[in-house]
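Peer 1: First, the structure itself, so that you have it in front of you.
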Number of protein chains: 6
Amino acid sequence: MRPSGRAPDQMRAISIETGFTRHAEGSALISFGETRVLVTASLEERVPPFLRGKGKGWVTAEYGMLPRATHTRGSREAAKGKQSGRTQEIQRLIGRSLRAVTDLTLLGERQITLDCDVIQADGGTRTAAISGAWVALRLAVDKLIASGDITEDPILAQVGAISCGIHEGNAVLDLDYIEDSNAHADANFVLTGDGRIAEVQATAEGATFDEEALLRLLRLARIGCGEIFAAQRKATGR
Amino acid sequence: MRPSGRAPDQMRAISIETGFTRHAEGSALISFGETRVLVTASLEERVPPFLRGKGKGWVTAEYGMLPRATHTRGSREAAKGKQSGRTQEIQRLIGRSLRAVTDLTLLGERQITLDCDVIQADGGTRTAAISGAWVALRLAVDKLIASGDITEDPILAQVGAISCGIHEGNAVLDLDYIEDSNAHADANFVLTGDGRIAEVQATAEGATFDEEALLRLLRLARIGCGEIFAAQRKATGR
Amino acid sequence: MRPSGRAPDQMRAISIETGFTRHAEGSALISFGETRVLVTASLEERVPPFLRGKGKGWVTAEYGMLPRATHTRGSREAAKGKQSGRTQEIQRLIGRSLRAVTDLTLLGERQITLDCDVIQADGGTRTAAISGAWVALRLAVDKLIASGDITEDPILAQVGAISCGIHEGNAVLDLDYIEDSNAHADANFVLTGDGRIAEVQATAEGATFDEEALLRLLRLARIGCGEIFAAQRKATGR
Amino acid sequence: MRPSGRAPDQMRAISIETGFTRHAEGSALISFGETRVLVTASLEERVPPFLRGKGKGWVTAEYGMLPRATHTRGSREAAKGKQSGRTQEIQRLIGRSLRAVTDLTLLGERQITLDCDVIQADGGTRTAAISGAWVALRLAVDKLIASGDITEDPILAQVGAISCGIHEGNAVLDLDYIEDSNAHADANFVLTGDGRIAEVQATAEGATFDEEALLRLLRLARIGCGEIFAAQRKATGR
Amino acid sequence: MRPSGRAPDQMRAISIETGFTRHAEGSALISFGETRVLVTASLEERVPPFLRGKGKGWVTAEYGMLPRATHTRGSREAAKGKQSGRTQEIQRLIGRSLRAVTDLTLLGERQITLDCDVIQADGGTRTAAISGAWVALRLAVDKLIASGDITEDPILAQVGAISCGIHEGNAVLDLDYIEDSNAHADANFVLTGDGRIAEVQATAEGATFDEEALLRLLRLARIGCGEIFAAQRKATGR
Amino acid sequence: MRPSGRAPDQMRAISIETGFTRHAEGSALISFGETRVLVTASLEERVPPFLRGKGKGWVTAEYGMLPRATHTRGSREAAKGKQSGRTQEIQRLIGRSLRAVTDLTLLGERQITLDCDVIQADGGTRTAAISGAWVALRLAVDKLIASGDITEDPILAQVGAISCGIHEGNAVLDLDYIEDSNAHADANFVLTGDGRIAEVQATAEGATFDEEALLRLLRLARIGCGEIFAAQRKATGR
């Protein structure tokens, strides 16, 4: 049995609230059960130096966690004066995942930054962040299309992400904090709405795994991302 | 006329939602109009080095702003690698304001940290933070009292804060972002529930002011803090 | 009785020595009793990025304390790799205070930086810094007028600052270190030569205060600033 | 055709030179073609704070690149004052990979740090680093066994790593720099000597991929790691 | 002719004012012409970690320059967040120079820190700092002897320092800023009161030099240090 | 007797291997006995801001030590977030030494950076770095001459460096780590192929020294540099 009583292939409740903040070009407050991440999309009419004058845009992400998002208070990265390796790893993953479904040439010379701030953490914050970031990006791009700034949609597909793992010998979907702390293997899958893979990160935590286990986790991820894609479509009216 | 159409002595709508996050010993999402600050109180059974073994506790605060809390995206302090002077000034003010109404000896050798994170900014974030921090602190201390860890209430009074300013020649209460940007003088008052002053910070912005103006602003602050105190009592059931 | 034997409304001896250093466009070594601050004004024919091309100048300040200015040695901020929150708060205050009496348009597109370095500390370093910075600024601007670079005086008034506080129940003027450490309330007033207020920062330290106390402290500050203004005029020959 | 003329499942020449430096408890200079990484294993009889008194050891890694390891000089991280997100991501991966095959309890309360410094880079530096780190770790542990400090071997299996990718539509093994720059998908596999998986990191670079492609890359990785394991055995005399 | 009109072997006027600040255990304001450095000696009854429990003390130094000590304002190291390589080089030199004449065992387990802050710079700041630091150290140690904390004098000799250089083909003593900027070779000598050498740092600046030139510079340094030693004795009453 | 059994004026074996890395415009792996330093010369067709448009080039150096180059592992400077004072001092020395024999005008508006990374340390790393850097610089400049980018050779002379010291009362050449740790005085000489001096850094370590000792050390250095110059000529085919 899972600590939460969920079936092995059962996601936690997903909810996506758009427009949680006013100023951003797109925003979403996404929850996977008790995990809650606020994502905002900020549009700037400039690109990073390495892209200037190339007729292409850029999509990037930053990730943060409020100090008391977690069970015990963590220190504030701004006060410590640097972002942890984990934070940097996650924000690089979020950016790559969104760029995997974006045609940067169609976006034009502009940058969209997805800020993913974890309000409450209970496992799976990076996958919730990616899934919510797609919604915020979608909303921001929809505004660019509505205003005529962009004529052809640069977003090629939906993208969602979910964690799976081997917990007490069983492959389970959408690990919460307790499962995540005890899993023998832990995998994050970033999948696209058309059934393809944008990223796989599977890690042994205490016990290595075999090819069959990897495939079983991928199958669970497909189930989970199906639900995420539905929630994204509902939230964005697509 | 004020840009918002409010009367000179009219506050924006105040709302305080407690329990917005689960893990913290106390939490409050406070809004002054469109300004929204999430405050969590985190209890730790240890004190900073300078207080060890003195039988006294500590109350402190940290302040942050989500990058897109503002009209245009600001850079993330964790990514820049340091907190701005403004951030440090504000978090020092919040900590002092709460300590002004706390008997640290009655609190015992424990520390309560108030994390004040601005979700959305429209002027007055520091005063909303102080006002919400009192609620989160109150809730955390109530738990300590309920559990018997503390026998005598260390919170001596309510504390609230509000900004006032001289805008187009008029003294006005609770400046929003537009007013704040154009005010000739800008004052933050931290007042206590029993009518006393914990802090005054009044600053000329473009034009110096006289004693009469200072007193007029203080009188407006008393009106505003009255409303804040009522909202705090309602939120904490006191 | 005050530890120093002074009357409640009695300042410490003020002295201002101009020309203490050679290279600066203006310099002053100011003493409030044992507190001694060296201020230099440095003129640069450029403005910060946010002001470029706007036809306005800028006045700013930096503050530092020599490691052994204090009773026990403090660590060197350059060695620690960052300025404390206190340092940043003070240097922002000094800059604001001087800008409050400067017409930046008359100054033209140039920047004057006031470096305030505390040689010896015995309470009131920030108020001595502001008072001395006005002298250094005055001298630097006088050179610009003498050379014809500026035709109309951009300095609109004198500005001086003094701390007052409630010490053992009494309102007293110009706190020294011993009083400052024990004061129940502590206020810094920045006043102008024409009787107006540029900044008030009044803080409860252990005990909140009432409106009457605030006004009593302001009245003491007027007495103290009167002496400071006289010393400034003498030092600058005005 | 691959730019190097290699067959799709052909590795570059692997060489492992042990004892390249004297002071380290274990060291290896590993080459995958023109990619060359120096790895040293340093033993310390202490563990990080979070493990103290738990009777367990720790294996960790640090990664660096000499500024001119690359085609054009990169800036020195020590001079910039921080490690890039990429560096941190890689060193975390190396540490996890080695811990996946180490019984930390058998290691006892001691720490082994693997320093992986890239002398020359031509793609695949992280996989060469992991493969060489196993050799350095093996040598350091052999010394502990020889001296009687450890009685039972804490290293449970060999671990090796290799990158594969989709280059011009073909799945290819052991990407060099030119292929890496142009690959549509890029995967790093960390495999163990007994045929299991320690880590998979597969990333779309410009084009997403499907499950079949993932499996094809994994199959190539098994071929490559077979060669790496043989080279490791030869280098360590096992 | 030298720009200052001095003879090749002529020092600038030396002055040493002791007791310039009150709190330090020893202090000296030393001038070599227009170069002026404030040195304080701070005594702490503890030693750095590497010396704990070894029955030996430590003498160390820190060096800083006020931003407007120079002809044009330099940036404040505390604001930049790090000390320059030059600053670190100089403070390491000062510390070594004083330790060269101190018996650390006789000093006992205590640390004396010499803070050398340049109030005004006109060439030779490091040599003035060393020469003044000896005075501050002497005064601090004299107090320890007077109080009976130390019974045998740990200061073995005087130490002084002076710069010499090849300027327009001539060996000259005590370079001022103009000479320093144009010298072909520049040497700093740290000499002891008993005629020995503690440190030589001779550097080609644009033109290498020969052994004869090195010796000529050393001979000038002996002349200069003779004057410094006399001034030190006068200042300390020895 | 020296710990290594060497005669007082006997160098350790010198070896210089050019072309150790491929990408750099020049590279050399230099050994002084067990001390081994990898030097690469990187050419960039740009100069630092202070030289722009002046028709002159720049030669600079950076220095680093692999964490386990030493007997016990040192911490990685990139991980600590700053270069030590020692590192900065050494890299400044290397840069100055090479500029002392380079005509920057003949070099033209380009920069050559010498990266000196210590692979293994056994005393004398800075002198090996300087001696090897000359080789890497020579090779890089030879390419510029061969390609016709430079017509007249900007390298005016060879430059080499060696440490000497007073060890157990004797002046000895080329200190290894054991001698360096126990030397009473330690001097680094940077000499040119035409018999002149580029830099002398002689430091008392525990005992001051006299002029005669300085000259004896210089004479030893001339012997050592003779060998270094021969090895450099052999390595560069000059």
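Even glycines carry a Cβ here, placed using N, Cα and C.
Automatic, uncurated: that is what TrEMBL annotation is.
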Peer 1: Name the one residue among A:Arg86, A:Arg99, A:Arg110 that TrEMBL lists for the same phosphate site as A:Gly124, A:Thr125, A:Arg126.
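Peer 2: My reading of TrEMBL gives A:Arg86 as the candidate in that site.
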Peer 1: Taking DSSP three-state, what's A:Gly124 (phosphate binding site) in: helix, strand or coil?
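Peer 2: Looking at the DSSP assignment, A:Gly124 (phosphate binding site) belongs to neither helix nor strand, so coil.
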Peer 1: Can you count the other CB atoms that lie within 10 A of the CB of A:Thr125 (phosphate binding site)?
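Peer 2: A count of 25.
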Peer 1: Under 8 Å between C-beta atoms and at least six apart in sequence, can you list the same-chain neighbours of A:Gly124 (phosphate binding site), or say none if there are none?
Peer 2: A:Phe32, A:Thr35, A:Ile162, A:Ser163, A:Asp174, A:Leu175, A:Asp176, A:Asp180
Peer 1: Could you tally the C-beta atoms, other than its own, that fall within 10 angstroms of the C-beta of A:Arg126 (phosphate binding site)?
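Peer 2: For A:Arg126 (phosphate binding site), the 10 Å Cβ neighbour count is 24.
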Peer 1: Taking A:Arg86, A:Gly124, A:Thr125, A:Arg126 as the record's phosphate-binding set, what's the max Cα pairwise distance in Å, rounded to a whole number?
Peer 2: 13
Peer 1: Using DSSP, tally how many residues of the domain 'Exoribonuclease phosphorolytic' (A:158-222) sit in helix, strand and coil.
Peer 2: 18 helix, 30 strand, 17 coil
Peer 1: Let me know how many other Cβ atoms fall within 10 Å of the Cβ of A:Arg86 (phosphate binding site).
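Peer 2: Cβ-Cβ neighbours of A:Arg86 (phosphate binding site) within 10 Å number 14.
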Peer 1: Residue counts in helix (H, G, I), strand (E, B) and coil for the domain 'Exoribonuclease phosphorolytic' (A:10-140), per DSSP?
Peer 2: 45 helix, 41 strand, 45 coil
Peer 1: Other than A:Arg86, A:Gly124, A:Thr125, A:Arg126, which residues of the chain come within 8 Å of the phosphate site, judged by Cβ distance to the Cβ centroid of those residues?
Peer 2: A:Tyr63, A:Ile90, A:Val118, A:Ala121, A:Gly123, A:Thr127, A:Ala128, A:Ala129
